[in-house]
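Scroll down for the structure; my scribbles are underneath it.
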């Protein structure tokens, strides 16, 4: 079967263009084929035949059995088609269906079977024992310093070099945050020679195949999951002592309690462990005495996480996993950044904010730690006027470096540190001629997020006159600690882990982390493990959910102890108008402010769209670098489609080619959502339907013309809030029973402080400098929640992170300012809890929620136990061997989460019962009555229906029984709400019926 898989991989690599999506189709037992969908939308199908005689194993019995054993969560991973004739239709149908309601729409295509990704990988392994050309399985060997193992015995995987690939379907969504050229990381593919008879190890090729397969389904989200599920699947032999063996950074978690008595300090034990697995020592090299294990260690971790990060080759990493005291070995990963009116929109007036931070709470100073690109200390948003002394509990410091001294810290910025060892270990030394090795922010993102969370009030803040007013953070009297973990090449997990570890030791109360990467299993996710340690120390952690919407299953940062935040709009906009030569007016948005004005009453400007009428993308229609010619666009307003390149950069391309203005048209990926940018030439962003109208006019009129006008700032926009189209969506790819995202918060067109070293467009060609900038992204919504969490912490200093999260979720609202259900900007229809979680945050209500759902570390551990973690995997969270599963949970849904997501997996569906415990944080004597939504598919019974509290902090338990009456093809959404006449404690309720296998 390995020959067949090799042909599959070759077919994909040869016939699928880089921008294609591909699906694996097994149209008859053991005979795979590939359907490639190119960017043009054309389908090509390549059947795979076995070479020579028919030596392919018979029916897929063993593979199907493996699938049935491991299948539980329906992750779209492959298509099993009944016949070759259906291949093209199947591929097209899957592509179309992924945008529809999940997962029911896919069930309607009866030729499909949804295969979980991890199960697909196991199926491939079951089908493909590695064989030599003679058909003899590869066996264990140690000749030549190499080891070749049977498929079932593989314990590690060598990653090929990562390459950057642009996928049109994803780029336009990520470009919602104008800071970055969005891209996906795709694993490279190398042909590796096995040591026996020249046979090939093909699993990396299969991985490449799967990465292409998942291109349309958010590869960046599943990339980490892919990588870790493939680990334990293949070993690539390497030559000991060869100069070609590269060292990578690995995070090693240790059981601190198991340190041998011969060591006085943990760092000595760590160094000894590194030396014990080193290639030099194992080979008995004559220079063994010169080997310095401390030179290999990048970080020591000791607070939220116990262990170290070290530079190892992959064989050393494999040996490290078997060393005494080692709990887990995690490969380095790279995360990316996910960026006023919002306090008033959220109901936090200066009077209310000041009352929360009253003199009576002075000894409850709250510190917000921000992991990002650093801070610009000169910004007035970080003035310490009116603040008291630095809290006595604070153990942090102000780290100095080029452009940053201790004088840049004050009573507002009370801590600033940098973390770059992991970055340099992987990418080489930072170029200090262009990048400051100090806490100073040259990017702007970190300054913006820190000011959004806890910026001091600044009057007359604006961007080129737009959004003028008082800019202040959610918690303007909170202290800020900046932890710079992101550099020009990204944000490395070992640095992030070191920053979380240090921040907890420093004494932060809240962490705001607007970063995200892949969605790995909990025990393989270093941020999940570190944030678990932070939770144990009482630190609230807010993380951005990602900008991969509106695709389903696109969220990152999924751990239940993390508060995962999606993005929404506010009631403020920046309208601009396109007036076509035929008199039609098209409404859009813009932050353009320049000397040139294209709104003259007397003059219209020629209009041009360089794209064609076909569905085949034209690089000229996207206004990519080098695609526009002056003789074609000079003196004209150019219509540019969104996608591939940053929005503002398209305007730069038009300007360089002699164009006088730009109409930036949304595509289907963005729908009608409008994101404003500070363009370098007159430009207006318009929705998809308006863009189609403008393009049609430009193509059908002999001499099309247009003019642009800019209308400043407008408040009172209706409807608002609206779920941002770019905001990543659920359901939770790891655990369906845990609803994600948790909440949404303002994340579109947010004004906040900015770096003096960065232009408002983040383009190197942009010479403008501003004190405040307007950004969009879940990076902006995350610090809103972190700041509100700081307010709650100041008001309730003894509350656990889970109580704070519960208060945010159960008081969130799900209606806009027109009193209708929240809408999804991507579709214009009502959003669901997979889009908005529990709803939009309501800070004032969250300060007095009435009841809360508390969760302790033992509850989270029981949740992990029912997630089938092995004892060794569980130790990533217990950090010692004394904790064991008590088996008090029968399902992940038993976690005392403020949302309820029930999964009916059996056919016919059995009743599902969950229990929840609420703690009274309102009046000592109170009575709550329940209200439950009506569902088509199930009867819902809550017992008891009334809760009588007689004291503060009293806990009462209720149970919810859900009995299927008519299984639904798509999930159903509703709520369980408790009210005492003053408080409404609302929990989203989601019912999902899994399709039968």
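Sequential numbering from 1, following the chain as shown.
Any Cβ shown, glycine's included, is placed from N, Cα and C.
The active site, charge relay system annotation in TrEMBL covers 372, 445, 779. TrEMBL lists 249-338 with the feature domain 'Inhibitor I9'. Marked as domain 'Peptidase S8/S53' by TrEMBL: 364-823. Per TrEMBL, domain 'PA' is recorded for 604-691. Among the features that TrEMBL reports, domain 'Subtilisin-like protease fibronectin type-III' is placed at 894-990.
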Next item on the list: Would you mind giving the whole-number mean pLDDT across the domain 'Peptidase S8/S53' (364-823)?
Entry: 93
Next item on the list: Take the domain 'Subtilisin-like protease fibronectin type-III' (894-990) and count its residues per DSSP category (helix H/G/I, strand E/B, coil), listing them in that order.
Entry: 1 helix, 56 strand, 40 coil
Next item on the list: Could you give me the DSSP helix, strand and coil counts for the domain 'PA' (604-691)?
Entry: 18 helix, 21 strand, 49 coil
Check: Within the domain 'Inhibitor I9' (249-338), how many residues are helix, strand or coil going by DSSP?
Finding: 34 helix, 27 strand, 29 coil
Checklist line | Between residue 372 (active site, charge relay system) and residue 445 (active site, charge relay system): CA-CA distance (Å) | finding: 7
